Amino acid sequence: MHYKKEQVEVLYEVLSLSIEVDEEFLHILINTLKKERTQDCQKFLSQDQNKFLLEIESQKVETQSLLEKEQTLNGEKNIKIITGVLKKVRDHDFNTQNYSMDDYEEFKKDLITKISLNKKIIEFLKFLVHLTALDETYIQCGSNSLNLLVQMKVDLREQSFENIRIRNTSLVGGNFVRCIFNGSEFDNVDISGMNLNQAQLFNCKWKNIKIHELNKLDGHSRNVNSVCFSPDGKSLATCSDDSLIILWDVRTGQEKGRIRGIGEIKSVCFSPNNTTLAFSSREFVYLMNLKTGKQKFKLGLEGQTKKVMSINFSPDGTTLASSGGSEYGGGDYSIRLWDVKTGQQKAKLDGHSDTVRSVIFSPDGTTLASCGGSEYGGGDYSIRLWDVKTGCQKAKLDGHQQAVRAVNFSPDGNTLASGGKSSIGERDCSIRLWDVKTGKQKDKLDGHYQVVTSVNFSPDGTTLASGSYDKAIHLWDVKTGQLKAKLDGHQYQVNSICYSPDGTILASGSNDKSIRLWDVKTGQFKAKLQGHSNFVNSICYSPDGTTLASNSGDKSIRLWDVKTLQQRAKLNGHYDTVRSVKFSPDGTTLASGGGFNYGGGDCSIRIWDVHTGNQTAILYGHEYQVNSICYSPDGTTLASGSDDNSIYLWDVKTGKQKAQLQGHVFQVNSICYSPDGTMLASGSNDKSIRLWDVKTGCQKAKLDGHSDWVNSICYSPDGTTLASASGSNQKGGDFSIRLWDVKTGQQKAKLDGHKQAVTSVNFSPDGTTLASGSSDNSIRLWDVKTGQQKAKLDGHSNDVRTICDSPDGTTLASGSADNSIRLWDVKTGQQKAKLDGHSHYINSICYSPDGTTLASGSSDQSIRLWDVKTGQQIDKLDGHSSTVCSINFSPDGNTLASGSDDNSIRLWNVQISKEILQSDGSYKDLLAQFNIPLQNSSLLPNGIYYKLTLVNPDCTILRICQNPLLEASGTLILQGQFINHQGKDLQPLFKSKGSCFLEDLKQKQI
């Protein structure tokens, strides 16, 4: 949707009229409308004005304390203004259209820029939300208002939204901790990622609810290798290592049919007329009649056998692009453009520093996209856009943390999708959407947990399909970036799939050496093409759909007559594995490329005449967790360092990303703010320490000296000295501690003594002593001035992973891989206490600013709070789904931040036994019916007991992550209905999230 700036100005001017309304007037109006039980706000203001004026006068004394002394409520003036504003809002499309749709995205960005800092407009938006409970005329504008409040990250926690009626909007990521939604009605609302921890949901009527984590369609049982839409976009075909090809209904996500092959299926492809499906398995190629489901032919072939990674024709067929490298690095990382007619090289595109896995032309042929990275990591994971005419690089798209396996343009050429991950490790399994024009990332789609092998847009460009080694196919809404469906069922890897030009047939090629053809409509097996004696790596239909080409690890390329299922030709010439084949747009020429996984061998590109089978040319030329978090001294910003080599700065209040600091080339292990908050230091596996200007985000200095990983860094209290700790437990590693002059960047001292990696360093509050913890199980105290070791504290039976000085400097706390926390007397070096409770490694500990509480984060996924005086555990914070790597108290001690291997950062309210806000009226009497004695508190999940006091709920108050899930721990639910857009009851989902259904508890009491 294209909009004019004036449209934003019009709505802004309407909302700005509310600035003249006294804030307290809005509260009185809502309360009066409730009291009078009116359902027409405008009518009440015009016909019952005197009654309302009397209500205002009666509340003047009560509200005077909330207003400035010289301010009074001018009733008639406020009534006139609010009447006018409400009339304009009612008649604006803000009250008729769904502003959460993508069409309004740019519009909202401009509007939010204008209103986000205006407190009175924000209060008016809240008023419109509450008005939905009373006057149905304003339901849509109230719904849009709530969407805006969520997008602006206005603090909506611990508020009452009783009886509100919300429809046709999105509340994705909304933070509604301890809010009251009793009696609310939601219709067609997206609640994905909402935080409803400890909220009240009594007698709610929620229908047509959208929640992305439920969009999971099970079917495949092993790696899903490739996915492909039918030309009409109504069906999706998937193939897998489980020997299955499954056809799915794109609209419903339901399975339409499945076809079983023999062995792993890597790729499938439709014939152009949609009547036949070709697929490969073991030594045969099969062709199946999609209408009857019967095998038409079984074709036998002969054999074939380094590395052109990818080839692709330009849309006009005159140019062929090829890329090189190898699975595990090495080789020629260039891209070459070839003249198809002459076989001459037209251009060589250099820029990638690692394997280029895929190249693809934009639909108009003017831009070429390339991506890559080798298996073992540490390489070039960028996507690059090239000007085909000039051969110049137009843009470099950085974001992926591991090898990019697949790229694909949307049909209009405006969006590029990318996906992948190295087979070594399981870090970046994301799909990303890029704006081709600006080169900026538009969205990041998380969901797969293993290699993303394929991405494919539907013909209309509205849906993106992705296939993965995790055996699943995901369907994504391109506009919203949300997961629409997840198709499970395959058991093994599918290498390649291909729709016929008319979309009626899907062909698949697999490691089972076969090609199979499938009827998209019925899901029936049509034919099996046999002949290849090794993996079928790629398949491709000719543009007219009459010929299917396949290539294999047996060194051969084969051409099949789709109608007769007979092999038309076997093209020999490559002397190593053939990796890719592509038809020219006119179907007269076929290009092929090959090579070994490890590089070398036959890295040629060959051009073949499809009619004669003769070779016409040969082209030579080619040979992911959050580790550390740290609050700024003023508590407004949280910094995080990660395995993705980057550092992010976050606004603590809103959770918005403020900045991204890039420079490290390996994972960031430790970050630390300078005492004045102007600088941030970081240590990395790239063996460097970097100093960053927090205001500008620029790197100020790079401190080199360590010859091993930098595991921990810490500023001295006066900010003049930075300590760093090193080691990776490799033989002969750097197990030193170094002291650096922050001003000059020069090394002041090197402290040697530890026998294994130094994992943690910490200055005493007075700055005279430095404590260090090591994998040699010891803690050492050092004199900062002399650099001499003062004491060695022994007691832990495994790695010392974290240490922290108490604020008064008298006690040192340590956490270890022996699952214990120990408290040490700094003066005597004696152990004062041992705190047991965690069931796995202690990775991070932190004292509260007042020194009374010690927090610990562990690989058992929990955070625990300890009373320092008694040594007793006072609370356990559950919520992370993986190892807790780092924790840090806010300067005021009220909030604890945590970073985890689950790739999220959480902010926790650490005030113990927070009481859920209780609603007014009849609900207080209702709650009294569930008087559960303390001895029966086990009836409730998460430690909830009578009077709704919460001991051990998930008290996360803010979660920062790329793909948030619905949170509903300790949520109280009574009666009502929660139905999604497919008619499924959502109560089981709420139960799985830790919600408490009071009716169930009553039954247990009986």
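Please read every residue number as a count from 1 along the shown chain.
Glycine is no exception: its Cβ is also placed from the backbone N, Cα and C atoms.
Small disclaimer: the values here were computed from a predicted structure and weren't measured.
The repeat 'WD' annotation in TrEMBL covers 217-258 (among others).
What TrEMBL lists as repeat 'WD' is 301-348 (among others). Across the repeat 'WD' (301-348), the prediction's mean pLDDT works out to 64.
Taken from TrEMBL, the feature repeat 'WD' applies to 349-391 (among others).
Per TrEMBL, repeat 'WD' is recorded for 397-444 (among others).
Per TrEMBL, repeat 'WD' is recorded for 487-528 (among others).
The repeat 'WD' annotation in TrEMBL covers 529-570 (among others).
If you look up TrEMBL, you'll see 571-618 (among others) marked as repeat 'WD'.
As annotated by TrEMBL, repeat 'WD' applies to 619-660 (among others).
Among the features that TrEMBL reports, repeat 'WD' is placed at 751-792 (among others). Helix, strand and coil residue tallies for the repeat 'WD' (751-792), in that order: 0 helix, 22 strand, 20 coil [DSSP].
Summarised by DSSP class, the composition of the repeat 'WD' (793-834) is 0 helix, 22 strand, 20 coil. The repeat 'WD' annotation in TrEMBL covers 793-834 (among others).
As annotated by TrEMBL, repeat 'WD' applies to 835-876 (among others). Across the repeat 'WD' (835-876), the DSSP tally of helix, strand and coil residues reads 0 helix, 22 strand, 20 coil.
As annotated by TrEMBL, repeat 'WD' applies to 877-918 (among others).
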Outside the repeat 'WD' (793-834), six or more residues from its ends: residues with CB under 8 Å to it: 756, 759-766, 769, 771-775, 777-781, 840-847, 849-851, 854, 856, 858, 866, 868, 871
The repeat 'WD' (397-444), counted residue by residue under DSSP: helix, strand, coil: 0 helix, 19 strand, 29 coil
